[in-house]
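These notes are about the structure you will find just below.
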Amino acid sequence: MSECGGRGGGSSSSEDAEDEGGGGGGPAGSDCLSSSPTLATASSAGRLRRGLRGAFLMARQRPELLCGAVALGCALLLALKFTCSRAKDVIIPAKPPVSFFSLRSPVLDLFQGQLDYAEYVRRDSEVVLLFFYAPWCGQSIAARAEIEQAASRLSDQVLFVAINCWWNQGKCRKQKHFFYFPVIYLYHRSFGPIEYKGPMSAVYIEKFVRRVMKPLLYIPSQSELLDFLSNYEPGVLGYFEFSGSPQPPGYLTFFTSALHSLKKALESTSSPRALVSFTGEWHLETKIYVLDYLGTVRFGVITNKHLAKLVSLVHSGSVYLHRHFNTSLVFPREVLNYTAENICKWALENQETLFRWLRPHGGKSLLLNNELKKGPALFLFIPFNPLAESHPLIDEITEVALEYNNCHGDQVVERLLQHLRRVDAPVLESLALEVPAQLPDPPTITASPCCNTVVLPQWHSFSRTHNVCELCVNQTSGGMKPSSVSVPQCSFFEMAAALDSFYLKEQTFYHVASDSIECSNFLTSYSPFSYYTACCRTISRGVSGFIDSEQGVFEAPTVAFSSLEKKCEVDAPSSVPHIEENRYLFPEVDMTSTNFTGLSCRTNKTLNIYLLDSNLFWLYAERLGAPSSTQVKEFAAIVDVKEESHYILDPKQALMKLTLESFIQNFSVLYSPLKRHLIGSGSAQFPSQHLITEVTTDTFWEVVLQKQDVLLLYYAPWCGFCPSLNHIFIQLARNLPMDTFTVARIDVSQNDLPWEFMVDRLPTVLFFPCNRKDLSVKYPEDVPITLPNLLRFILHHSDPASSPQNVANSPTKECLQSEAVLQRGHISHLEREIQKLRAEISSLQRAQVQVESQLSSARRDEHRLRQQQRALEEQHSLLHAHSEQLQALYEQKTRELQELARKLQELADASENLLTENTWLKILVATMERKLEGRDGAESLAAQREVHPKQPEPSATPQLPGSSPPPANVSATLVSERNKENRTD
């Protein structure tokens, strides 16, 4: 049965047996597996067949599994095929470009990027503007109308070509690799490209194109010469005589250098270079500022020799660089080669600028940051039209800059100032340095009946010299029509400001006691129409007694408090200086205004002046404090990054020379009367339903100084911990009565506050108790900000007796005592401050003496260096002359050596000819000798023949009849001589 069953199994049983044997069921199987690898292969194949057979049997028993497996496999194949087909990128070809400009536009539009055609048409035009654009670029689309407007005005002189440099099949895209669009290139014949990087405005583009078309200005007269030299841009003048030639030597080079100046200025980086020149005993740092074409070097041409002598130009082809404060220069042709690149480089490296034009591009930039780090900056926003023939406001700013930097009263600068003021001046003989001319008298100041008597108490340090002063606030028209200026009666606050400034000017009145009247004139603010005068005199005891009896002049003063707080009535006398109303003790005296000329050298807060076009960058002016809606976009601001403050000129005042001078003067003084400008967000409303009051810069005093306890939270949007306190302050506001307590907050990132109210960390909580605002308290930093802690803090520092109901009925005795204590403390504090200031003044005086000694030593060193320089120059001239002599001697010796070499060559040729002739002579001599020997031999033979006639003669060479036979060795000798001759050759 076992055998049948085995056979009955057929192949299946045999395969099972093989599998079992091969699988190592017994010792024999394992030996076979270890000995032969083919058995292992057969075993794995058997297992595969067995698995397939099991799957087939299962599918036959359960056909639904087979169908599911087949469906699953098909789904996997379809998914794999779909995934592989989507792996490749699907690229849609770009649409063909269309015309960017209209067909009626004067601009030639190469919208397919035909750069080769643009180069072809450029060769036939004198001036060409290439406008590279991208059709999708918003800046290119915005500049399209500006380009068309400029082309409509210049199409008869300039070829405008627009090129699509974005289409991937165009040559422009393949050859040009721009990082931004649009890009403007200008070509002047074969010179270029000159890239334009100015504002994309039609007037600016047209002005730039016209400057490329005409890079040189013709100077025909003295008036235009003064216009050229008084311009704020540096000027380079070239003198050329056209009488002898239509194109004098060097003119084309000078013309090309003017084009190079435009190109180099546009290619230069924003980092300025500093050059220091020394003239006399002072120096001025000259900084190169180049941006676009504004502020670049202007080039002019003079053809009149008499006009050229005014600027020290004598020879045709000379080049002159004008500088206002340093010595003007003439191009050193003996040092530098007269090329366009050298002239341009020399002018850019040695130029001197009064102020700089700024053009922020609107993106991230360090332009303003780099300029503000140099020191205080005066920003002037003015509406600028580049195409205008004249710019009166810029002329006034130029006049201010010239006076501000004219530290030594240079006569050339004074003449230029007279020309800017349109003052008739004598005809110029030369622009050489002369004695400084007298400055024009300042405008007179008309005093108005607004004077007050100032009583200096005995505790003041200089009361021993002047203890009675008369303060007068004066009004002046400042050059305007008297009818247009009103003279209002001054207020108490104006007099208080004058008093504050008066005490800051204490050193002005520190003199020996005298009965004479000593007066001084000061500016109270940056308004050119407001001055105050202080006239002081020492009053004796008799005079003092007389004054005491006169209408109570020196009555006990009153102490003024803030109008927003409750005042305590003080009846006791005080030692605080006070102001009397309309008390005239002294007659009117003449007053003189402060001198503005050379102020930059007399202050430690020298200003750098910058100009911005308000038509383009008024947003920056608004951020500095200018009104957003105004008819005339003129604005001035001083920014001092070191002091973290900035000041603005009153927008109600006109931007002109007098206002700018007063503005700069008030900033330059040691104790500036200018008030720091605070920038805040929009005015916040105080609706009744809001529990927390939002405070701004404008509403800070109104909220904090109100007759309530105020808890103020300082926060900022970028402070991550600040929002977590909102619910705490909302609960606090709900728990406290709103009629006696105010919870407020202020965003310090958008609102500036006075320095005494600024904080150094966020969040910060300040508490201002009612009626004691000067005793504000800061919440402890080491205590968590929670509702219970805030309530304890408020209850601890608030005064229950200071409620509004008790304030009106509170006794005045305690208030008077506290105020007396405060006043005594204030007086002692002021005395200490005065002593500190005097010590500082003495130290400054000592430092001044040291600086003067250092300056004197520096002057001596400079004088010594100049002498050494002159000695070196003399040595250099001697060496130069000696070098020229050596050069001439070298050339002479060279010529002699060349002549000697020629003669040696002739001798060599003659020697060669002599050698040849000598050879032939040797041959001839040898031949003659052989002939002689032959004759001797013939004679001997004849004698022998006579002796032996019967002997036969030997055979010889045939001879001519009548000739003697040649010797036997003649031919051999000739051959040897010829061989020698050949070897000699």
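Even glycines carry a Cβ here, placed using N, Cα and C.
Taken from Swiss-Prot as is:
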- 1-38: region 'Disordered' (REGION)
- 29-38: compositional bias 'Low complexity' (COMPBIAS)
- 65-85: transmembrane segment (TRANSMEM)
- C469-C472: disulfide bond (DISULFID)
- 649-799: domain 'Thioredoxin 2' (DOMAIN)
- C719-C722: disulfide bond (DISULFID)
- 821-919: coiled coil (COILED)
- S828: phosphoserine (MOD_RES)
- 935-985: region 'Disordered' (REGION)
Other CB atoms, at most 10 A from the CB of C469 (disulfide bond): 24
Neighbour tally for C722 (disulfide bond), based on other Cβ positions within 10 Å of its Cβ: 18
S828 (phosphoserine) and C469 (disulfide bond), Cα-Cα, nearest whole angstrom: 23
Sparsest-packed among the recorded positions, when each Cβ's other Cβ atoms within 10 Å are tallied, from C472, C719, S828: S828
Nearest-integer angstrom distance between the alpha carbons (Cα) of C472 (disulfide bond) and the residue listed as 'phosphoserine': 28
Between C722 (disulfide bond) and the residue listed as 'phosphoserine': CA-CA distance (Å): 41
